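As written in TrEMBL, here are the features:
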TRANSMEM  B:7-24  transmembrane segment
TRANSMEM  B:30-50  transmembrane segment
TRANSMEM  B:57-77  transmembrane segment
TRANSMEM  B:83-105  transmembrane segment
TRANSMEM  B:112-128  transmembrane segment
TRANSMEM  B:162-180  transmembrane segment
TRANSMEM  B:210-235  transmembrane segment
TRANSMEM  B:247-272  transmembrane segment
TRANSMEM  B:284-309  transmembrane segment
Amino acid sequence: MFLETKRLTKQFGGLFAVKDVDFSIEEGKINAIIGPNGAGKSTFFNLVSGLYRPTSGQVLFKGKDISNLKANKVAKLGVARTFQTTHLFEQATVFDNVIVGHRLRTKANLFDSIFHTKRLKREEEQCKEKALEVLQFVGLEHAVDHLVANISQEEKKRVAFALALATDPEIVFLDEPTAGINPDETAELSELIEKMAENGLTICLIEHKMQMIMNLAEQIMVLNYGEKIAQGTPEEINRNEEVIKAYLGGSTSA
Amino acid sequence: MAAFFNKRNIVVGFILLAVIFPFITRNDYFLHVMTLAFIWMIAVYGLNLLAGYTGYLSLAHAGFFAIGAYAFGLLTVKAGFGFWPAFLLAPIITTAMGFLIGLIALRTKEHFFAIYTLCVGYIIYLVIDKWEGLTGGVRGLIGIPAPSSIGPLTLSTPIAQYYFVFVILLLVIFVIYRIIHSLTGRTFIAIRNSEELALSLGISTTKNKLISFVLSTFFAGIAGVLYACFIRFIGPDIGNLNITFDLLTYMIVGGIGTMSGPIVGTLLIVWLSQNLQFLQDYRMLIFGPLLTLMVIFSPRGISGLFALWSAKRTRKLKPKTSNVEEQA
């Protein structure tokens, strides 16, 4: 398995935000996590990407236990992620925002910066090339010099994608990539996500838009109250009694 | 890139102005004020690197300024070091202290970091004030040597000292410029934008925040050393919180997180306070509202306003740029 969680648990005080979740992500596919608000989806992402330390359980990436690695170390291994809110620097250009995305693959330190060494020049060039490359990939070549403050919400999402891609990841976690975006733009972002998968990236996303997920994902996990209640192909999830109950209300979630 | 040449012209203009300033005034007092302003600028640049570019507001800055000044004073007056060895050693001592304090302080964030460093700053002040055996307490340290000559260059006249401090200021600005406009600077800015995002981009925030903190104390240390050898008397008051807030005001009015902010803010406020001296402490009636207005209407200070204005102007000059479409 490419990325796998084993009985992954995160407890905040008495509350289990994520409880005993076993999930495996298949390489090169588009995986999705769905669930009602507060189901623990984002917590799950934070655990996998190293922002939170699990209370118990494990996260394995290519067979290696990464449960207790810090987020920056996890990123270096090739696990990238985006956030629900894009966190971009609004007063800078799109290009400037993305350059730092490749920083983790460079070695230039303070000394290089002050003395403007060959290594710094080479690595800055490398970061800039990477930024242009990923901006082209996400379809933002026209907006490279625009201030982030002046671009649309959908374009900001693309910038966030570009940032994640600039880290040279093998797997990308997308936290609600189409939140706050209109249906047309959602379709366009879906295409981009498919294009990423076609390029050999493994994708795992959180989404609320059912239509989109059902068309996009090859494998879906459903979380409710921090626990996995179902996992399978979109068809299987569509038919699953418990999932319907969790979404439409019923005795379990009353 | 017309703006680039504009910027370059402004920089060259300012340097020239600073170079000929002593010949314009011919007034030793103005020269003294200006030299002191340069020293403050160096400290503000350090503060700006941390607070403006990395997003960590340290209120211990005057403390480190004082550590630099006292390290230099004690090394020369009590330990019998020569001027130059002490001049080099004192910032290193400050930086070492900064490293140790940074290790602990940076475990906190945002307001807590500000509050924690506020306490650190006050403790530094108290130690200097109360540890009479070492620092001389309120009596302070006297007899600190003025800059000794570099070969044939004597640094004893006010004009020589003015240029001496000015050259160091230029060096500091150059180094800061290099840092900000490099991968290191981009890393700091990424941390300021969002620590979570920076982490998930593989940036070691712990390490980079510490680098930024230590650098800021280094520049505070240099400013402190220059202050000590320029004024040649230091008392515990230089570590007082007032100084921290003065530096903070210079930074915010000039423009937090901008390259020219520290110069603009320091010059403006220092000269304003000179010219408003007849108002005594009522000067604060002007600075208070000025600061508040700045924070509300131009969070990036005067330099930020200027940048905004020139961006608008270039957009008007070149109506065909894509920015205009975006604005519409």
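Keep in mind that glycine also has a Cβ here, set from the backbone N, Cα and C atoms.
Just so it is clear, the model here is predicted, and its values are computed rather than measured.
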Listed stretch, out of B:30-50, B:83-105, B:112-128, B:247-272, that has the most CB pairs under 8 angstroms to the transmembrane segment (B:162-180): B:30-50
Candidate ranges B:57-77, B:112-128, B:210-235, B:284-309 - greatest C-beta contact count to the transmembrane segment (B:247-272) (under 8 angstroms): B:284-309
For the transmembrane segment (B:30-50), distant same-chain residues with Cβ under 8 A (at least six beyond the ends): 21-22, 56-58, 61, 64-65, 158-159, 161-162, 165-166, 168-169, 172-173, 176, 179-180, 188, 212-213, 215-220, 222-224, 226-227, 230-231, 246-248, 250-251, 254, 256-258, 261-263, 265-267, 270-271, 274
Contacting positions for the transmembrane segment (B:112-128) when only residues 6+ beyond its ends and CB under 8 Å are counted: 56-64, 66-67, 70, 101, 105-106, 135, 236, 239-241, 244
Tertiary contacts of the transmembrane segment (B:284-309) (same chain, 6+ residues out, Cβ under 8 Å): 249, 251-261, 264-265, 268-269, 272-273, 276
